[in-house]
Ligand code: DC
């Protein structure tokens, strides 16, 4: 992983935003490998907050307690997974019960400001590829490359359904589609840092593209832009 040093002015940061299930994390991991960038999954950080708050019985109106809890959490990424206080929590945070509550915590302005600061600290230390909802618009406004990845709600529900089935997690397609539509609404309508395409982001619709097709498109933009 490329760690930056003071004299190093060759900074690279890649921002990937888009709605739930558009394939951001799969694609960010692959592009990250290609260019030796640290992959920062910011959705995982919001999910970790939801998980820990749930474990501690803190509903989303307990803002002070939640902020205190976050200040005690040590979060870092190892091999693309989020490690919190030494535990790999990747499996736990992708369970449907966390997906269904995470936007309640992600919409708290105080939570966002703490996590945005942590994310910027990571990008100051490492060359990163970061995915989320507000990376190009808030976290890394000066990112070297910005992409906005979309896909139809049906296609995104279909992908999530197949992924959960593969993990033997009981689920219904209709429920997943409903959850995705609800989450899109919440992500795009919250007052603080809603999901929106940055003016200077390149939009890629992945509905009819496979993973390699999207990765190749992004790699091409980066290759062309890299001096
Ligand atoms: O990408 P994801 O589904 O793992 O994101 C989980 C939740 O966190 C989702 O409700 C959107 C929110 N989120 C956010 O508000 N800002 C980010 N930068 C990343 C995720």
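Cβ atoms here come from the backbone N, Cα and C positions, even for glycine.
Curation does not apply to TrEMBL; its annotations are automatic.
Record features (TrEMBL):
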- 14-223: domain 'Cytidylate kinase' (DOMAIN)
- 18, 19, 20, 21, 22, 23, 24, 25, 26: ATP binding site (BINDING)
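Shown on the structure are the features that TrEMBL records.
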{"residue": "18", "record": "ATP binding site", "Cβ contacts under 8 Å, 6 or more apart": "24, 131, 133, 147, 148, 149, 150, 195"}
{"residue": "20", "record": "ATP binding site", "Cβ contacts under 8 Å, 6 or more apart": "99, 156, 160, 180, 183, 184, 187"}
{"residue": "22", "record": "ATP binding site", "Cβ contacts under 8 Å, 6 or more apart": "149, 150, 151, 156, 206"}
{"residue": "26", "record": "ATP binding site", "Cβ contacts under 8 Å, 6 or more apart": "211"}
Tell me which binding-site residues (18, 20, 22, 26) have a Cβ under 6 A from ligand 1; sequence order is fine.
20
So if I draw a 10 Å sphere around the Cβ of residue 24 (ATP binding site), how many other Cβ atoms end up inside it?
27
Confidence summary (mean pLDDT) of the domain 'Cytidylate kinase' (14-223):
95
Taking the centroid of the Cβ atoms of 18, 19, 20, 21, 22, 23, 24, 25, 26 as the ATP site, which other residues of that chain lie with their Cβ within 8 Å of it, listed in sequence order?
27, 131, 149, 151, 156
